[in-house]
Amino acid sequence: MQTHRYDVIIVGAGGAGMRAAIESSGRARTAVLTKLYPTRSHTGAAQGGMCAALANVEDDNWEWHTFDTVKGGDYLVDQDAAEIMCREAIDAVYDLERMGLPFNRTPEGRIDQRRFGGHTRNHGEAAVRRACYAADRTGHMILQTLYQNCVKQGVEFFNEFYVLDIMLTDDPENPGEQICTGAVAYELATGEIHVFHAKAVIFATGGAGKVFKTTSNAHTLTGDGMGVVFRKGLPLEDMEFYQFHPTGLAGLGILLTEGARGEGAILRNESGERFMERYAPTIKDLAPRDIVARSMVLEVLEGRGGGPHKDYVYLDCTHLGAEVLETKLPDITEFARTYLGVDPVTEPVPVFPTAHYAMGGIPTTVNGEVLRDTDHVVRGLYAAGECACVSVHGSNRLGTNSLLDINVFGKRSGIAAAEYSKTVDFQPDAELPADTVISMVENLRNATGGERVADLRIALQATMDANSAVYRTEETLKQALTDVQLLKERYSNVSVQDKGQRFNTDLLEGIELGFLLELAEVMVVSALNRKESRGGHAREDYPSRDDTNYMRHTMAYKEGSELISDIRLGWKPVVQTRYQPMERKY
Ligand SMILES: Cc1cc2nc3c(=O)[nH]c(=O)nc-3n(C[C@H](O)[C@H](O)[C@H](O)COP(=O)(O)OP(=O)(O)OC[C@H]3O[C@@H](n4cnc5c(N)ncnc54)[C@H](O)[C@@H]3O)c2cc1C
């Protein structure tokens, strides 16, 4: 076992982690621990754009952006946080421009902007051009730009280090409370365990899309950070709200950016009808994702889907012309050709919703401080990016608001953690800080049970796709819960084939599955208890939004320390500053 000591450690080297590192490393001794090589993080897969009311191509302002974010999130958004995000968006884009990000440009040389779902002019009058972009590789450019700037600044990276636990001890200044003193990691190359003592730890571990089978998410998005925090008895917020992106390649889930509709592409059913005109008469195909995904599923359920099984609809880009497709949407054009053998230049592309984004996560303040309940923070522990819940996305994130979130709240948490680290001393060693991780790793390595990781993962993803996707009911959610709990029992009998020390990815997949099972249970339990439809959570048995009973965030806590445990639910009020909940029409 090796030990290290830093003022701040950041877990995760996606957009959120590296944006935090750029701030923190200039102020305090900082290390970034990441299970992937930094430029392989999922931020690099983001396609469409990052929004900010720059008003470069038409009239716009950050107040309209705030309103759209609140309405887009079906009014479950904390409005103070949304205001901060939309106001600071403008600097966030210029920060990236100064760091060297090659944005698409207008003929006058300004950063170009395009339309995206739910972003409107003057409180819903019409779609507005607010998304800054670099072709359909915006996330790739953000990730590369941030990485280069981290390297320039001498940020220390520990690549292929899996953080599997954090260290919490009694807070000397606040009796009865805990303080975070570091994290414990498993080094993939050697199988060694490393203890990182730190004054502050920032989690930026990304999403958990691998709970589902049909997903736009990378294989690595297994919700580890949320899982680690949850196992410590800390809450997860709003986990019932999972976003299904409307345009996944049918049957595969690979993403076609909403930027395609931003450039003018149209959704059609089997008869060629532009069906979004019926569901969202004003902004049609550019309605927020929850509304478009529900509409697509309804078209299929009512028999208007296309293909041999009538189980998808079409994204029609044919009128955009080869030049727009090749220059502004080159990657997705290629994806459709490669994976479905369909050429978007001449044919409509079969699409269906794909699991995409976790609106919920580790609850934080606007400076990234992690909450241990509705009103108290855990000193020294921070979270930012998709693993966190600020909450700026409420029950449904608007497209392009996540690349924005990771930049704004990545930066804020990096500053906050570094400044905090200057005010405290290192705490004495916790007793046997690595014990939990050593037993987690060794128990799995030495296990001889008959269950296989892959079998359990397939079964988990199948039940989540079938029972906890765009539409759910009491009955389907109960089925999902029974299945997940059974899988958790089977998981205690799982074994891995590779018993070695070096590059044992088999072992890590087994550990990741444990986090996925844990999170799936939280998602389903939270969903069962929200008897209304709002944003990404559409209940067939409770089709309306119920502000009287459910205008509040869900907080889920793990009771007991074993894998098989109870989940206790609590609530947190929604912060409403300017906008009263209204009926959501587009
Ligand atoms: C295909 C696709 C397209 C998208 N397009 C857009 C878009 O156009 N606009 C938009 O706003 N949003 C988009 N999104 C969403 C957005 O890209 C993500 O929400 C955002 O990039 C997440 O950034 P992050 O830094 O939080 O996490 P990630 O970029 O996922 O990074 C997570 C990091 O955590 C590390 N990590 C994870 N677990 C551990 C562990 N146990 N120990 C150590 N390290 C760990 C990983 O190594 C990685 O470095 C898209 C998402 C997808 C999947």
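For all residues, glycine too, the Cβ spot is worked out from N, Cα and C.
The domain 'FAD-dependent oxidoreductase 2 FAD-binding' feature in TrEMBL is assigned to 7-403. What TrEMBL lists as FAD binding site is 12-17, 34-49, Asp224, Glu386, 402-403. Residues annotated as tele-8alpha-FAD histidine in TrEMBL: His42. If you look up TrEMBL, you'll see His245, Thr257, His356, Arg397 marked as substrate binding site. Under the heading active site, proton acceptor, TrEMBL lists Arg289.
In this structure the alpha carbons, written CA, of Arg397 (substrate binding site) and the residue listed as 'tele-8alpha-FAD histidine' are 17 Å apart. Proximity to ligand 1 (Cβ under 6 Å from any of its atoms) holds for these recorded positions out of Gly12, His42, His245, Arg289, Arg397: Gly12, His42.
Counting only the Cα atoms, the space from Leu36 (FAD binding site) to His245 (substrate binding site) is about 25 angstrom. In this structure, the CA atom of Gly12 (FAD binding site) is 27 Å away from the CA atom of the residue listed as 'active site, proton acceptor'. Counting every protein chain shown, 27 other Cβ atoms lie within 10 Å of the Cβ of Ser402 (FAD binding site). Summarising the environment of Ala16 (FAD binding site), the number of other Cβ atoms within 10 Å of its Cβ, over all protein chains shown, is 36.
Only Gly48, of the recorded positions Gly48, Arg289, Ser402, have a C-alpha within 10 angstroms of the C-alpha of Thr257 (substrate binding site). For the binding-site residues Gly12, Gly44, Gly48, the ranking by surrounding Cβ atoms (within 10 Å, all protein chains) places Gly12 first. If you take the C-beta of Arg40 (FAD binding site) and look for same-chain residues 6 or more apart in sequence within under 8 angstroms, you find Thr220. The record gives His245, Thr257, His356, Arg397 for substrate. Within 8 Å of the mean position of their Cβ atoms, the other Cβ atoms in that chain belong to Ser216, Gln243, Pro246, Leu255, Glu258, Arg289, Tyr357, Gly399. Looking only at Cα atoms, Gly44 (FAD binding site) sits nearest to His356 among the recorded positions His245, Arg289, His356.
For the pair Ala16 (FAD binding site) and Arg289 (active site, proton acceptor), the C-alpha distance works out to 23 angstrom. Separating the Cα atoms of Gly48 (FAD binding site) and His245 (substrate binding site) is a whole-number distance of 12 Å.
A separation of roughly 6 Å, to the nearest angstrom, links the Cα atoms of Arg289 (active site, proton acceptor) and His245 (substrate binding site). Spatially close to His356 (substrate binding site) yet at least six residues away along the chain are Gly209, Thr215, Ser216, Asn217, Gln243, Phe244, His245, Gly248, Leu255, Arg289, judged by Cβ distances under 8 angstroms. His42 (tele-8alpha-FAD histidine) sits 12 Å from Ser402 (FAD binding site), taking the CA atoms of both as reference points.
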